[in-house]
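Annotated features, as they stand in TrEMBL:
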COMPBIAS  243-253  compositional bias 'Basic and acidic residues'
COMPBIAS  482-497  compositional bias 'Basic and acidic residues'
DOMAIN    29-464  domain 'Major facilitator superfamily (MFS) profile'
REGION    229-256  region 'Disordered'
REGION    467-497  region 'Disordered'
TRANSMEM  32-56  transmembrane segment
TRANSMEM  76-98  transmembrane segment
TRANSMEM  105-127  transmembrane segment
TRANSMEM  133-154  transmembrane segment
TRANSMEM  166-187  transmembrane segment
TRANSMEM  199-216  transmembrane segment
TRANSMEM  259-286  transmembrane segment
TRANSMEM  306-325  transmembrane segment
TRANSMEM  345-364  transmembrane segment
TRANSMEM  370-391  transmembrane segment
TRANSMEM  412-430  transmembrane segment
TRANSMEM  436-460  transmembrane segment
Amino acid sequence: MVLGCLPCCNHNGYQQIGNTGPRFGVRHLQCILVFFGLAVAYSLRVNLSVAIVAMTDRNASNPDFPEFDWNESTKSYLLSSFFWGYVVTQIPGGYLSAIYGAKYMLFYGVLICSCLALLTPFCAVNGGWKLVVVLRAVQGLCQGVIFPSTHTFLSKWAPAEERGRLVGYTYSGSQFGTVVMLSVSGYIASSSLGWPSTFYIPGCVGIVWSFVWLYLCSSTPAQHPTITPNERRFIESSGQTRRPSDAGREEQPRPPTPWWRIFTSIPFLVLVLAHCANNWGFWTLLTEIPTFMKNVLGMDIKNNGPLSALPYFAMILLTCVFIWLSDTLKQRGTVIPLGFSRKFFNTLGMWLPMLALIGLGYITEGEANVRLAIGLLTAAVATNSATYLGFHVNHIDLSPNYAGTLMGITNCAANFMSILAPLIVGLIVWDETNPAQWRIVFFFTAFVYFIGNLLFMLFGRTRVQPWNSRPTTRTPSPGGGGERDEGTEDRGPLIGA
């Protein structure tokens, strides 16, 4: 499982730490908790998009509950209001999680979102849609801290040898929450509980998760009361060329964030572009393909919960497949540079959806073509999960100290693409039944995928950047060698790191 942790000294006189840690330890429990936290967060994020069908159509739910006469314009405000707040707190979320601890930012983010979800039915009935818009925007503000805080958390808990695997499994929780919510929401709304339960159930689960998280989690291994010394040493030292006497030392005070150096770093700017390109394609698929299938192919999948959940379910499965592939290569002893591994999986995650989009451009009406379109859509969304082993983990590669801040910046920019992409589609497609206009959308989105990954392949890096920490001077060890320059040394030939 681990390459590069040999009990010998490397060329600069530093000794690798030869402990692999327990096969299942505290770090795995922490990641399982984050998995379910992301699942709850995403169920709270998509619940309105599935509940709004029942809220505006008695025939689609239990008729004993109120129905709202909301037109398409009102629905658009309701569904987009979440993102108004979501993009605002991305950068502050990453910054604050590094200052106060990712544990508390995730706790408050999920807890407040859950409480607001419990208030949503009351606000809809008594305050009208405008109050729900405000409520959703505040939910977005709270959820904006979750993704960057998760990255900060994983930068502390994921050993270099297991980084890709743990990040991939953890972030698949967002798809798991979406699958569950899309699959069961229709049944819940039609039951005796009615459409309000699509807010009450995930809200209550989120509150329970928040207090379990508060009790069992710590922001860093050094703060966890039950972690073994061996596992803590493995997490803090594996994959890094440090002297054994340094292992387990308390972390130095965090230096001020080097904003200027971050925003002038070519590897980071390329990471921003890759994230933006990925979000453009991903959200174009998920927001516009249902419209294409309804108006061009004559099939409405928006109101079909299980069918809507299919791409997310396939994404979870393929995440496991890609992680298995990464681990298999490592177990066979294949020495592949970390940079190649990141770019290989990122290419799978962006260029395979690109090919699926090109195929969708040539789909025409017909029953067989509907099945083909669903297959291509599912493949495009599912194969995108390979980016969890690509650019998604690259923030931690570039700067473990500022991983949450970097994720906040890139996710903020990428979510502007999520808002912009549907608007551009609206300018191109003025006749939703015209396949030629949709072909332009698919080809342009494929081009965005192509350019985003090409830039990442050419200019992306996996080395820890010089601005990750303050320059330090240290007396060389008697064995020879000086201080390691983290900015000029790769972090080891790890396949899934």
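Yeah, the Cβs are placed from backbone N, Cα and C, and that goes for glycine too.
No curator has checked TrEMBL annotations; they are predicted automatically.
When the stretches 105-127, 133-154, 166-187, 306-325, 412-430 are ranked by Cβ pairs under 8 Å to the transmembrane segment (436-460), first place goes to 412-430.
The recorded stretches the transmembrane segment (105-127) and the transmembrane segment (199-216) share 3+ CB pairs below 8 A when only pairs 6 or more apart in sequence are counted, and are therefore in contact.
In summary, the transmembrane segment (370-391) lies against the transmembrane segment (345-364): three or more C-beta pairs, each 6 or more positions apart in sequence, are under 8 Å.
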